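Feature annotation from TrEMBL assigns active site, proton donor/acceptor to 139, 236. The domain 'Xylose isomerase-like TIM barrel' annotation in TrEMBL covers 23-252.
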Ligand SMILES: O=C(O)C(=O)[C@H](O)CO
Ligand SMILES: [Mg+2]
C-alpha cells in the first residue's frame, strides 16, 4: 500500500516549518520534504522531526535571484561558484536535519555550455553528498510552468545521469511534470524505476490535490505500488486554502 510524504513547500504554508511537520504527522503522513527551509534554524526542524519520528526526505538548492526570474544556478555558465555555494548550503542543512536527498536546481538556460556546466555542478554535488550518504536529485520541470528551465524531459535527465556516472545521482520523478510534459506516466515510471530516487505528484493540469484532474491517481498509485516501489510518495500540490480540507485522497485513492 502506498505511503505518503507531505511536501511542506506547498502543504501547510500557513504554519512555520516545525508546526507544519507536526501537522503532517497528525494527518497521517509518514515523511516530510520541503523546498527552501533556509530561514528556519535547522535545530528547530530537527526537534520537530524528532518529536514526530518523521524523516525529512529532501530539500532544494536555492534558486538565486527569484525576483529576477532565476530558478536555480547549477546550469548557469559563469555562475559555478554560486552554484557550488548553493550545493554546500543545501548539503549542510540536509546533514543537520538528517535529510536523505538534495534536489540540485539547474536554472533557466539552454545549450551545450549549460549542459556541461550542469554536469560539472552535479559531479561536484555527488562527490560532496556521498560523504554523508545523501542522494542528489534532478527534476525535469514542465514547459508550461517553467518554460526556460534547463532540464525539461526524463530522457534529458537520463542522458545527464549517464554522463555524470554517480551512484548517488537519481531522478526526481514528479508525476505532475511528467504528466504535463510527456504523458504515459505509468509506462515512464516503470521504465525509469531503477534510476528514480523520489516520486512526487499533483493533479494534472492544475497542480491541486490528486483526486481531481485528468490523471487517475488511484490507478497510478496502484501501479507504482505493484511495481514494488515502497518509498513514500511526495504530495507536492497546492491546496489553495486549508490543507486539511484537501486530504480526502489519502483514504479515497489507496
Ligand atoms: O517544482 C517542483 O516540482 C519541485 O519539486 C521543486 O521543488 C522545484 O520547485
Ligand atoms: Mg516536484
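Just so it is clear, glycine is given a Cβ too, placed from its N, Cα and C backbone atoms.
For residue 236 (active site, proton donor/acceptor), the Cβ neighbour count at a 10 Å cut-off comes to 25, with all displayed protein chains included.
The C-beta environment of residue 139 (active site, proton donor/acceptor), restricted to residues of the same chain at least 6 apart in sequence and closer than 8 Å, consists of 103, 151, 157, 171, 172, 174, 177.
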